[in-house]
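Asks: Following this message is one structure expressed as structure tokens.
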Amino acid sequence: MSEDTIAAIATPPGEGGLAVIRISGPHALAIADRVFQPAGSRARKPSEAPTHTLHYGFVHRGGRRIDEVLLAVMRRPRTYTREDVVEISCHGGLLVARLVLQAVLEQGARLAQPGEFTRRAFLNGRLDLTQAEAVADLIAARTERALAAAREQLEGGLSRKLHRLRDDLMLALAHLEAQLDFPEEDIAPDTREGILQRLQAGLQLVEELLRSAEEGRILRQGIRAAIVGRPNVGKSSLLNLLLGQDRAIVSPRPGTTRDTIEETANIRGIPVVLVDTAGVREAGDEIEQEGIRRSHRAVETADLLLHVFDRSEPWTPEDQQLWEWFRHRKRLLVLNKADLPCRLVLPPSDEPRVEISCRTGEGLERLKTCMENLIWSGTAPRAEAPEACINARHQAILLRARTALEHALGALHDQLPLDLVAVDLRAATDAVGEIVGQTATEDLLDIIFSRFCIGK
Ligand code: GDP
Ligand code: ZN
């Protein structure tokens, strides 16, 4: 349990209807007593109030009334941090909130670091590390599917699997260690067999978890899709259509999109960063060349290309050049201007294609389906309901666990001495413990929680 009491503005900076100042720690109630004047004759001081109650009154600082507030008293352990927590809702506006925070700090609280409330929730055993990480995912989620996956992880969907895995491995390790004192010839063959089966089951679960890494990456970071094609085919129009708003400049004159434009669209629950490129082509003036350089970079780093063609115009040498450039990329061929008569003949190819009209919106749903299929192609089949997915940290550790388990299985198979098997098995068990935070170092916690915002 922490010695000091922390405080922070928990709401985002800027003006708003309300701002919330959060206080957590052993002195939260005493500090609240000193800054808060309850209204009404029968009102009680925060330290005398029952837990989970709301109080109306005023915050004072240096004898002056700062704001009219609602103050929530939440006594440990049923709180976010498992410490005493006080939350003061004051009027929105940065100055008001800052003055309330200042009053709280002057009465003995310390300004919280990013993620420190959640870090305390973790240290006090309310959340394990994967759940704490899910809090950050939840806040950062940009689509409902990403949100649902984060919520599932926060509620322990991933933790339960990992704890079960760790328990199984520890049991196998216990069996194994019980045998270590006996000479090798005294070990019953079915003991070896039993341990073997447990390890195989463990390895299977590790593989299953590893398969969710790609979906986790896609949901957390989104994917980058670059819109390419010669000028005037409708790239900016396509961006606007996918975003459902007029963000990019659409113009009948070629080369208007001077720079790359990036916007995140929600394509069937996947955050897709769409990059409109300034026509990947030669020459032009200084500004245009810079735009072209940026386009090249955008195209190189994209996970997916939307290669747009104007199907109302015949094939051009420029189309041909771009066709060759991008033929080995993961791309969707988008045949735009389907509202006009068709004059385009595409070279033969078995790449996915879709006809669309950015003018009428016809074909938009088909385009989204094609994008969705292409994005998930090559990843594991997904459940209907979003499930918790591992993140990059979990993946790195699980890869280690997998190697250790494979070594342990190999050693068992080759009838090597059991203490060699035990070394690998212990490494695998420790790795799984590291994911949930059973063996977390301060450095690791610093890295994880520094990604949070202040007040969370
Ligand atoms: P970009 O240079 O590839 O970004 O192309 P724009 O999006 O700026 O579009 C070029 C021109 O084509 C504009 O005049 C658009 O209004 C027009 N355009 C775009 N999509 C369609 C479409 O589906 N049908 C028709 N008829 N015109 C379109
Ligand atoms: Zn454009």
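Placement of Cβ uses the backbone N, Cα and C atoms for every residue, glycine included.
Curation plays no part in TrEMBL annotations; they are all automatic predictions.
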Asks: Given that TrEMBL annotates Arg22, Arg126, Lys456 as (6S)-5-formyl-5,6,7,8-tetrahydrofolate-binding, name the residue from Glu68, Glu83, Glu87 that shares the site.
Replies: Glu87
Asks: Among Arg22, Glu87, Arg126, Lys456, which the record lists as binding (6S)-5-formyl-5,6,7,8-tetrahydrofolate, how far apart in Å are the two most distant Cα atoms?
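Replies: With Arg22, Glu87, Arg126, Lys456 as the binding residues for (6S)-5-formyl-5,6,7,8-tetrahydrofolate, the largest Cα distance is 19 Å.
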Asks: Counting other Cβ atoms within 10 Å of each residue's Cβ, which of the binding-site residues Arg22, Arg126, Lys235, Lys337, Lys456 comes out lowest?
Replies: Arg126
Asks: Measuring Cα to Cα, tell me the gap between Glu87 ((6S)-5-formyl-5,6,7,8-tetrahydrofolate binding site) and Ser236 (Mg(2+) binding site) in whole angstrom.
Replies: 47
Asks: Taking ligand 1 as the reference and 6 angstroms as the Cβ limit (strictly under), which binding-site residues among Arg22, Glu87, Arg126, Ser236, Lys337, Lys456 are close?
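Replies: Near the molecule: Ser236, Lys337.
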Asks: Say you check the Cα of Asn232 (GTP binding site) against those of the binding-site residues Arg22, Arg126, Lys456; which is nearest?
Replies: Lys456
